[in-house]
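For GLU117, the entry in Swiss-Prot reads active site, with the evidence type sequence analysis. Among the features that Swiss-Prot reports, Zn(2+) binding site is placed at HIS141, HIS143, HIS212.
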Amino acid sequence: MQNITQSWFVQGMIKATTDAWLKGWDERNGGNLTLRLDDADIALYHDNFHPQPRYIPLSQPMHLLANTPFIVTGSGKFFRNVQLDPAANLGVVKVDSDGAGYHILWGLTNEAVPTSELPAHFLSHCERIKATNGKDRVIMHCHATNLIALTYVLENDTAVFTRQLWEGSTECLVVFPDGVGILPWMVPGTDEIGQATAQEMQKHSLVLWPFHGVFGSGPTLDETFGLIDTAEKSAQVLVKIYSMGGMKQTISREELIALGKRFGVTPLASALAL
């Protein structure tokens, strides 16, 4: 029998959650992570599935995700513990044929359930599937320290925030030319914040929740982690810059345009125009 804990997707989730914990982005039960799978990914592991998978209805139907499996982090679970007990802290779920709910096929033992941010994740998956023609498969939410800090001192405006991050590190425009979406502060774990996040995910692969954290999307766990890591590194540089009295020189608009041309990306126009 194949052991699902040795599968590429469980091992990938272990690495991503452990790395995020070591970065200091996911204290206690902070943060959540979901990866969209294919039936072929889980086909070898049916013997590992629960004999009677629990069924949980969704608060709103997700027709686009019908019959789709995911691996998800659990509600109230600590990222630091995923590596110690994957089955207790992760779960493989599969949305039913009409998108009304999902079965927990593996993991989430002792009656655990998926992350409370599952509505935000599933809604964002729907939008990123449409925006990227199915390329994006990962949604990651974490409490990246310096990005959160900047939401207290920068104008919480997409163009302003994006331009500052682009100027904070040269690679940022190349990694996220589509910029960073920003929400107003909202109560987490609700359909409302999920819908607002998904709306921004139509246009941006990164979405900030002021005074809370960040959502990122990408085609793989590595790409999504790297996206957030790149933005967070720039935020760290900016925090140091502001603590030293602010910028005396920076990357100019003309230089940002040249950077975009060199790497074949189209920078967010509103951020470039500032």
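Glycine residues also receive a Cβ, built from the backbone N, Cα and C atoms like all the rest.
Feature map: annotations from Swiss-Prot on the structure.
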residue	record	DSSP (3 states)
GLU117	active site	coil
HIS141	Zn(2+) binding site	strand
HIS212	Zn(2+) binding site	coil
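For the recorded Zn(2+) site, residues HIS141, HIS143, HIS212 set the reference point as the centre of their Cβ atoms, and the other residues of that chain within 8 Å of it by Cβ are GLY30, GLY31, CYS142, ALA144, ILE148, PRO188, TRP209, GLY213, VAL214, PHE215. When the binding-site residues HIS141, HIS143, HIS212 are ranked by how far their Cα is from the Cα of GLU117 (active site), HIS141 comes first. Summarising the environment of HIS141 (Zn(2+) binding site), the number of other Cβ atoms within 10 Å of its Cβ, over all protein chains shown, is 29. Here the Cβ of the residue listed as 'active site' has 26 other Cβ atoms within 10 Å, regardless of which shown protein chain they belong to.
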